[in-house]
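Please read the structure below before turning to the comments.
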Amino acid sequence: MAPDLDQRIETYYVRVRGTVQGVGFRHATVRQAHALGIKGWVANLDDGSVEAMLQGSANQVDRMLSWLRHGPPAARVTEVSGEERSTEKRYERFEQH
């Protein structure tokens, strides 16, 4: 029997580029992560992009990635890139760094 995709925990590292700083992107990301039950963190990078670590079920992560492709209304996302990460670490909450 195949494992239930909503039970296995996935961890994704994501970079979001575009107009994503100074537009409430991190704050909105925290709100969306809480709404979806995602754990991890989000942070600004010096190059003007935003990075995030997402942890949750496949369905939760997919829904969060879909939201990140647009972000909050003031954001202008031009690129979302990421990769699944293998880790034993389990985040307790979703935080803004």
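Here, residue 1 is simply the first one shown, and the rest follow in order.
Placed from the backbone N, Cα and C atoms, the Cβ positions cover glycine too.
Look at Swiss-Prot and you will find 11-97 tagged as domain 'Acylphosphatase-like', backed by sequence analysis. The feature active site is assigned by Swiss-Prot to R26, N44, with sequence analysis given as support. Look at Swiss-Prot and you will find 76-97 tagged as region 'Disordered'. Annotation source Swiss-Prot lists compositional bias 'Basic and acidic residues' at 82-97.
The number of other CB atoms found within 10 A of the CB of N44 (active site), across every protein chain shown, is 16. Mean pLDDT for the domain 'Acylphosphatase-like' (11-97) in the predicted structure: 98. DSSP assigns N44 (active site) to a strand in the three-state reduction. Secondary structure at R26 (active site), taken from DSSP and collapsed to helix, strand or coil, is helix.
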